[in-house]
Structure formats: C-alpha cells, structure tokens
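Have a look at the structure below before the remarks.
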Amino acid sequence: MPPNIYRLSFFSSLLCFFFIPCFSLDQQGQALLSWKSQLNISGDAFSSWHVADTSPCNWVGVKCNRRGEVSEIQLKGMDLQGSLPVTSLRSLKSLTSLTLSSLNLTGVIPKEIGDFTELELLDLSDNSLSGDIPVEIFRLKKLKTLSLNTNNLEGHIPMEIGNLSGLVELMLFDNKLSGEIPRSIGELKNLQVLRAGGNKNLRGELPWEIGNCENLVMLGLAETSLSGKLPASIGNLKRVQTIAIYTSLLSGPIPDEIGYCTELQNLYLYQNSISGSIPTTIGGLKKLQSLLLWQNNLVGKIPTELGNCPELWLIDFSENLLTGTIPRSFGKLENLQELQLSVNQISGTIPEELTNCTKLTHLEIDNNLITGEIPSLMSNLRSLTMFFAWQNKLTGNIPQSLSQCRELQAIDLSYNSLSGSIPKEIFGLRNLTKLLLLSNDLSGFIPPDIGNCTNLYRLRLNGNRLAGSIPSEIGNLKNLNFVDISENRLVGSIPPAISGCESLEFLDLHTNSLSGSLLGTTLPKSLKFIDFSDNALSSTLPPGIGLLTELTKLNLAKNRLSGEIPREISTCRSLQLLNLGENDFSGEIPDELGQIPSLAISLNLSCNRFVGEIPSRFSDLKNLGVLDVSHNQLTGNLNVLTDLQNLVSLNISYNDFSGDLPNTPFFRRLPLSDLASNRGLYISNAISTRPDPTTRNSSVVRLTILILVVVTAVLVLMAVYTLVRARAAGKQLLGEEIDSWEVTLYQKLDFSIDDIVKNLTSANVIGTGSSGVVYRITIPSGESLAVKKMWSKEESGAFNSEIKTLGSIRHRNIVRLLGWCSNRNLKLLFYDYLPNGSLSSRLHGAGKGGCVDWEARYDVVLGVAHALAYLHHDCLPTIIHGDVKAMNVLLGPHFEPYLADFGLARTISGYPNTGIDLAKPTNRPPMAGSYGYMAPEHASMQRITEKSDVYSYGVVLLEVLTGKHPLDPDLPGGAHLVKWVRDHLAEKKDPSRLLDPRLDGRTDSIMHEMLQTLAVAFLCVSNKANERPLMKDVVAMLTEIRHIDVGRSETEKIKAGGCGSKEPQQFMSNEKIINSHGSSNCSFAFSDDSV
C-alpha cells in the first residue's frame, strides 16, 4: 500500500475512534438501563430499550420534553419484581411524572424520592411496597397527584402533608396505615380527591379542618376505625359529590349542615353507630342519587323532605330504629330504583303513591310493623324484581295485579296475616325464582298454572290453609330445588309428575291429608330431605327408594304405609335419620338397614307390625344415637345391641323380646317404660336406682372437703385482688376530665358520665372476665345497667370487636349493647343488667338453685343454639363468637338466655353464592377462647371456623347435662369433661350415670329427652370439625327432641298404646307461631332459614 494511502486510512480510523462517544446512549438512558438490570423481568416488556439508541425518548413508557430530557415515565401492569429505581434515576432532574403502577415492586419508598423536585404526579399504586410514608415526599412542592394506594404501607399519615399546597388528588386507600388523619389536611385548599379507606387502623375523629378543603369532590374514608361525630364543618364542602365513610365507628348524629353540600350525589354512611334522626336538610340536596345509611342506630321518622330529591335512585335505611310511616312524598321520586327499609319499626300502610315510582326494581320493607293491604296499583311497578314484605302485619289478599310486574324474581310475604287464595296469575311470572308465602292465612288451591313458572327455585307455602291436591304441573319445574307445603289441608296423592323436578333437594309435605300410594311415584334422585309425615299415605314403600343415594333425612311417620321395608333402602348411603314410626309395616326388619354407616341421628320403627329378631347387622350401626322399635311384635334377645356405643336412647317396649336383659350399665339404667310389655324378657333387680351417695368411702368425702377448702381459699384471694384493683381503678377514674369522654348511646338513657364513674367501686363489682370487670350501676332513673370496664387501656381489639359485633346485630338471645364511652385511659361498655347472673354461676356457684330443673336447662341451651345459628347462618358475613362458654351465657329475669362477651368475635369471608371459597387456606389465627371450651383445632393452630363454636357449644351442653365444669377437679385423673364422657360411653357404661344428680327423679319421658340431648352434645364435640353438625342442625335436633308427642298427656299416650292415631289431620288452628327474626349485618333476603 502507498504511504499516503496508509496514512489516510490510519487517520480515518483514529477519527472514527474518537467520535464513537458522540453516538452512544446518553446518561439518562444509561440510568434507566441500570435500573432495568436490577429487575427480574419476564417477557418482552422492555424490548424497545436498546443500548444502541442515543436517547431513551422513544422507548416504551418514556417521554421527553422539547430539550430531550426525560420528563415522564409511565409503566403499568408488568411483573417486574424489584425495588423502586429512585437511586438509579437521580440524573433525571426534569422528571415531572412518575407512574410505576401494578409492577409488583417491593421494599420501601426511598427517602431520595424527595430529590425529584419537579414531580407533579407520583403514582406508586398497586404494588407491594412496605414501611412508612417518607416525609421527604412532602418536599415535592409541585406535586398535584399522589397515589400510594393498594400497598402495604404502615405508620401514620405525616403532618407534613399540609406542605403540598398544590395537591389535587391524594390516594392512600388499601394500606395498613394507622393513627389519626392529621389536622394539616385542612391546608390542602386545592384538594379534590381524598381516598384513605381500607386502612383498618386509621382511627380518631374526622378533623374539623376537613371543611377547609372547599374544592373536595370525593371524600373516601370507608372501612377504617374512624370514630366520633361527623364535624359540622363538612357543610363547607360545597363541591363534594361523594362522601363514603361506611363500615367504620362513627357515632353521634348526622350534622344538619350536610344540607349545604349542594353538589352531593352519593352519601355512604352505612355500618356505623350513627344515632339521632335523619336530617331534614338532606331534602335540599337536589343532585343526591344514592343515600345509604343502613345498619346504624337512627331513630325518628323518615323525612318527607326526601321526596324533594328528584335524582334519588337508591335509598337504604335498613337495620335502624326508624319509626313512623313510609313518606307519601316518595311517590315523587321518579328515578327511584331501590328502596330498602328492612328491620326497623316502621308502621302504617304501604302508600299508594309509592307505585308512581315506575323504575323501582327493589322494594324491601320486611321486619317492620306495616299494616293494611298490598296496594293493587303495584301493577305500575313494571321493573320490580324483588318484593320483600315479610314479618309485618299485612292483611287482605295478594293482589292479582302483582302478576303484571313481569320482571319479578323474588317475592317474600311470609309471616303476615294475608288471606284469600294465591292468584294463579302470579305463576305467569317467567322470571320468578323464589316465592315465599309461609305462615299466613291463605286458602284455596295451588293452581295448575304453577307449571308455567319454569324458573322457580324455592317455594314455601307452609303454615297456611291451602286445600285441594298438588297439581301435576309442578313436574314442569326443572329448576325447583326447595319445596315446603307442610301444615296445610292438601288432599289427594303425591303426583308422579314430581319426578320431573330433577333439581329438587328438599321436599316437605308433612301435616296434610295426603293419601294414595307411593308405588307409582318416582321421586327425583337429587332429593336430600323428605318429610311426608302425618298424612294418610298408603301402600308399600317402593323399592325405588334405594335410588335416592343423596338422601339424608327420610320421615314417613304417622301414615298408613304397609308391607315390608324394601331391602334396596341400604343403597341410601347418606341417610342420617329414618322415621317410619306409626304406620302398618310388617314382616322382618331387613338386615340391610345395618349397612347404612351414616345412620347416626335416629332410627324409628315404632308402632308397626314388625316380627322376627333385631337383625344381626344392627351391631354395625356404631354411630346411632336413638333407636325406637317399640310397639311391634319383635322376638329374640337384645344382645345385638350391646355394641352400639353411641346409643343414648332405646325404646323396645311392647314387643315379645325374651332372655336376659344385657348386663351393661346402659341397659341397667333404661327406664322401665322403655322395656315394658316384653313378657319373656328377664329384668334383674339391678335396673332400679343409683347407689346411695351416703355409701361413698369416707376418705373420698374427706378428700372432697379438702379440695373444696383449697378452691374456696383461691377464689377468695382472687376476689380480694379483683376488688382492690377495681377500687384503684375507680379512684383513677374520678380524676378524669368529664369532657374527655367520647360517648355513644344506642338507647335512650338518662345519666351523666359522673353517674357511672363515681359508682365504679369494689362494692358494685358483679363479675370479672378475660376482657374486663363488670359492675352493676343504678342510674338516676332507677334503672340498673351492667357496665364492663375493659382491663387494658392499650388493648382496644376486644373493645372494638364488641362494639362492631354487638352494635350491628340484634337477636332475642344475644345480650343488648346499650352504648359505650371511652377516653385516653379507659373504655366502658353499657349493657342491660341481667339479674340472674351467668349459666356457670347457676350450675356451679353460690347462686346455684335457680335454672336447675331440666325444663329450664333445656330452654337455656336451645336459646343459645338459636343465637349461634343466627350468627353462623343468618349473618353475612358469618360471625364466629370465639368464646362460647357457660360464663358467657347470661340469664334474664325468667332465666331466658343471652349470649354475651363478643370480645373475640370475628367474621369469616365465606358465604354461599358469593364466589368465595371457605376452603382456601388462610393465615392461621392466634389462640383464642377459654381453656376447657376450645376446640382441638385451636391447639394445633388449624383454621378456625364456625365449627369451633359448635365444639364449644357441645362442651356447654355437656356441662348443663352433667352439672360438671369442663375442668372439674373431681373428674378421674384430672380428665377433661369431654374425655370423661367419651371414656364412659366407650366402656359401655350407663349413659344416665353421666347426668347431674340434681336431675334425678325425673319422669321417663324427661330422662329420654336428656339422653337424646346427650347424643346431640356428643356429635358437637367430635374431634374432627367436619364431623360436627351445623348449628342450624343442632337447633333442629333439639327442637325435635322437645316436640315429639308435644301436647299429648301421659294418659293419652298409654290409652293409645304409645302410638298416635292413624287418622289424618283434617283441620289446623288458625293460630300461628311466628319466629322472631333478629336484625343484623345479615342478609335479609328471605324469611326462611331452612336447611
């Protein structure tokens, strides 16, 4: 190569070398790539970010200003799995907008975020950021939008937030923030949106200064622990459109100044403890669209002025204490779509003017005192989908015009005094899924037109005076799942066409006058519950019964069925209860009955004509609790029954059994009435009474006395300690400033804080518990209150739980919370004073003597069962009590039970048809409850469910039956009550020996009840939660125990040979029993609570 050419080539290469930096990525791009390198990126989200580019301005998610400086970064919806890039991006001095949302970022927000002084928008929402909000953020004077919502941020909202004078939007919702809303919030004059809801530990009052935020459009503080009154300054928010502070702890009245919020469209204050009346000034809000005030403690009348809000489409005042009538002015609300006034004390009639609301879709006025007739002009409501008016005092006919509401999906008019027939036109409603008319005075026939209602899912017509036959057209209802037409005057046969109801699971036709054969009737295979009892059905039981493999309960008692029991019944593998009593069955009892392993509740074959011996396979019915084969012609011995370890009730009377009665404690303690009229049966003298307690060994007596002395001494020392502590606390209280108390009353009570404080002395202590000490205090009106003072001023969890739970539920067997008050040092709860103490004190304490007889004990445990069933099955979401024990069952003036102490109560987020899976794993809960009553899953830290309450209730049942505390020191070897009972039954000892000696001398029928209740208790205390019954099933079993042969005297039973008449019931009384449903944070969708 010539020298000149060589030199030219060299200098060209050298020139290119020195000019390479001019075409490389600038410092901003390198900073972005540095952050990118720290992320765990999947996919091609950053495929446009090339190192070969000279500038990042064309990269996805990056924008630059005119000078080529990065001004905006916007990245959303990627799984980056890294930390915030603040350190890496320090060079981006011109950054005005930083959006890093839904990127799965972790770690804390770095303090260096405050260095980006040009930022106007900072959005770090929907990540997994933790730690406190750094105060350095509030150095960003130009910030207009701050979105930190949906993270795991903790700590307080810094007072320095007031420095952001230009802030327009502040989004802090769905974090773990605590403390109070700082008063400096009032410095944000330009703020339009404030959302900080979903922070459960955000507490204190809404500061008065919030009224300074006059540009506010949206105020969202829902699902927090904000308490106290809404400040009157809220009336300064002239531009606010939505106020959402629901599911919190607000108290006091709604300020009249709310009427100055003239732009308000949505007011959501439900699920609080707001009291007073609904302000009439709300009627001046011409733009108001949604008004949700349900589940508070509002009183007084519904303001007629609300009829002046022309845009209103949703009103919900349910679960309050409202009185008066439904305002006629509501008829002016042409846009009204939903009116929900359930569970109040509203009286008067349904105003006809309401039918002018032609857009109405939901009309829910159930659980009130509404009288009169249903307006015939209901036909105007062509958009109506739900009409609930159950548990009122409505009279007259169901208007035929209701059938013109073509969109109706659910009608519930139960528990009224409606008469006349069911309009056949109702069944022309093709969208109707639920028709509930139970417990009225309806008559006439079920029209054949029912077959047109093809979407019907639930039908309840029970407790009326309906006559005629069941129309065969019912077979057209392919979606029908639940049918209850019991306690009417129906005649004729069960239509074979019912086999067409292929989705049917529950069929109850008991107490009618149905007749005819079952042979031609093929029942749907989907059935789980059948009750045809107390009718006049004849013929044999068809072999097809074995096709019902899902069946759990079959009751055919009190009919005229004959022939043999088909052996195919053994294929009903899920059967738990079988009642064929009081029929005309004959032949031998099939051996196949012993092949049904699930048969655990009851097997009743009494009052038939069975012959032969008890099948040998009956020895396999290990879980059976009740067996009744009385009033038959059975022979042989009873040895096959000796292995039934769970058997607590057996009636073999009026047969021809022979041989020796098995020599086991259970058989020795059977009442003679359950063995009577078996001529060949040899009954030894050992079947008489318990051993005389005076024959006990004297050393045992001395040991017992010693234990009692020691226990008494311990109790005295504990009492002294409690009284001293109470006196010291009382002295401290007297020094408190009266004006520092926050007070909320749910009932009208006339007293001052001083009236309470000065009486919190040791002389007034009536009890202590895990969460506090309880005093009896008489207020100036002469009324006595029970006042609970929480133990620890720092521990507010139990206090908040009790307010949250008891403040939102009402049930006849749950203690009533009258109000509460608190200050910095103390928290007090006010309850009705119940004069008879607790169930525990009556069973074990110095006050024992009342509530000792079985009848009173039964009423107590049934009442508690109703309370728990209400919490578990009527409340939405389900409420777990968490500390069911005899000490927490209080007794009223007539020993009526009240479940108390909800300091450990919690809700569970699972409910049928919500799409929430209860089986999904959750964080294991901490230990809770009381030792001796806790279910086994507490000790193993398994998931706590409502079945844990069932176990605790079972322990209470055993305590009531045996008279022994769960940790009674007299139990052998220091055993727990459940283990002692379980061992006793496993050893085949006489179950009646388990019963409280104070219950001795009761009649055979009462003894039978007690032993059946023992069987229920044994089911409840199963070690496996999934084997325990639901509380609604416990209620059903206990009710069934008491209702067997109710109303018939012993003399009548003996005259009838122990079996009832086979004649069908022709008439039933017009008098109806109406269950009192409590009000709560529960679904009041329907009046029925059947399985």
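Along the chain as shown, the residues are counted starting at 1.
Placed from the backbone N, Cα and C atoms, the Cβ positions cover glycine too.
Keep in mind it's a predicted model, so treat the numbers as computed, not measured.
Around Asp883 (active site, proton acceptor), a 10 Å sphere centred on its CB holds 25 further CB atoms from the protein chains shown. According to Swiss-Prot, the active site, proton acceptor annotation covers Asp883.
According to Swiss-Prot, the feature N-linked glycosylation site maps to Asn40 (among others), an assignment based on sequence analysis. Sequence-distant neighbours of Asn40 (N-linked glycosylation site) (same chain, 6+ apart, CB under 8 A from its CB) are Leu80, Gln81, Gly82.
Neighbour list (Asn104 (N-linked glycosylation site), Cβ cut-off 8 Å, at least 6 residues apart, same chain): Met78, Asp79, Leu80, Gln81, Asn127, Ser128. Annotation comment: Swiss-Prot describes Asn104 (among others) as N-linked glycosylation site, evidence class sequence analysis.
Around the Cβ of Asn163 (N-linked glycosylation site), the number of neighbouring Cβ atoms within 10 Å comes to 18. What Swiss-Prot lists as N-linked glycosylation site is Asn163 (among others).
If you look up Swiss-Prot, you'll see Asn356 (among others) marked as N-linked glycosylation site, on the strength of sequence analysis. In this structure, Asn356 (N-linked glycosylation site) is part of a helix by DSSP. Of all Cβ atoms in the shown protein chains, 18 besides its own fall within 10 Å of the Cβ of Asn356 (N-linked glycosylation site).
Take the CB of Asn431 (N-linked glycosylation site) and look out to 10 A: across all protein chains shown you find 15 other CB atoms. Swiss-Prot lists Asn431 (among others) with the feature N-linked glycosylation site, giving sequence analysis as the kind of evidence.
Swiss-Prot lists Asn452 (among others) with the feature N-linked glycosylation site, giving sequence analysis as the kind of evidence. The local packing around Asn452 (N-linked glycosylation site), expressed as other Cβ atoms within 10 Å of its Cβ over all shown chains, amounts to 19. DSSP gives Asn452 (N-linked glycosylation site) a helix state.
The N-linked glycosylation site annotation in Swiss-Prot covers Asn604 (among others). Following the DSSP three-state reduction, the secondary structure of Asn604 (N-linked glycosylation site) is strand.
Of all the Cβ atoms in the protein chains shown, 23 others lie within 10 Å of the Cβ of Asn651 (N-linked glycosylation site). In the three-state DSSP classification, Asn651 (N-linked glycosylation site) falls within a strand. The annotation N-linked glycosylation site is assigned in Swiss-Prot to Asn651 (among others).
The N-linked glycosylation site annotation in Swiss-Prot covers Asn697 (among others).
Sequence-distant contacts of the repeat 'LRR 1' (33-56), counting only residues of its own chain at least 6 positions beyond either end whose CB sits under 8 Å from a CB of the stretch, comprise 23-26, 62, 64, 68, 70, 78-83, 85, 88-89. The feature repeat 'LRR 1' is assigned by Swiss-Prot to 33-56, with sequence analysis given as support.
Residues belonging to the repeat 'LRR 10' (262-285) score a mean pLDDT of 96 in the model. Annotation comment: Swiss-Prot describes 262-285 as repeat 'LRR 10', evidence class sequence analysis.
Taken from Swiss-Prot, the feature repeat 'LRR 11' covers 287-309, and the record attributes it to sequence analysis.
According to Swiss-Prot, the repeat 'LRR 15' annotation covers 385-405, on the basis of sequence analysis. Using a Cβ-Cβ cut-off under 8 Å and counting only residues 6 or more beyond its ends in the same chain, the repeat 'LRR 15' (385-405) has close neighbours at 342, 350, 361-379, 411-423, 425-426, 428-429, 431, 436-437, 442, 1074, 1077, 1084-1087.
Long-range contacts of the repeat 'LRR 16' (406-429) within its own chain (CB-CB distance under 8 A, at least 6 residues past either end) are made by residues 361, 366, 374, 382-400, 435-453, 460-461, 466, 1074-1075, 1085-1088. Look at Swiss-Prot and you will find 406-429 tagged as repeat 'LRR 16'.
What Swiss-Prot records for 621-644 is repeat 'LRR 25'. Secondary structure by DSSP for the repeat 'LRR 25' (621-644): 3 helix, 5 strand, 16 coil.
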Quiz prompt | Among Asn604, Asn651, Asp883, which are recorded as recorded positions, the nearest neighbour of Asn431 (N-linked glycosylation site) by Cα | solution = Asn604
Quiz prompt | Residue from Asn356, Asn452, Asn604, Asn651, Asp883 whose C-alpha is spatially nearest that of Asn163 (N-linked glycosylation site), among the recorded positions | solution = Asp883
Exercise. Whole-number Å only: compute the distance from the Cα of Asn452 (N-linked glycosylation site) to the Cα of Asn651 (N-linked glycosylation site).
Key: 48
Quiz prompt | Cβ-Cβ neighbours of Asn604 (N-linked glycosylation site) (radius 10 Å) | solution = 22
Self-check item: Asn651 (N-linked glycosylation site) to Asn604 (N-linked glycosylation site) - Cα separation in whole Å
Solution: 9
Quiz prompt | the repeat 'LRR 15' (385-405), counted residue by residue under DSSP: helix, strand, coil | solution = 5 helix, 6 strand, 10 coil
Quiz item: Three states by DSSP: which one describes Asn40 (N-linked glycosylation site)?
Solution: coil
Quiz item: Measuring Cα to Cα, how many angstrom lie between Asn356 (N-linked glycosylation site) and Asp883 (active site, proton acceptor)?
Solution: 50
Self-check item: Rounded distance in angstrom between the Cα atoms of Asn604 (N-linked glycosylation site) and Asp883 (active site, proton acceptor)
Solution: 36
Quiz item: Taking DSSP three-state, what's Asn163 (N-linked glycosylation site) in: helix, strand or coil?
Solution: helix
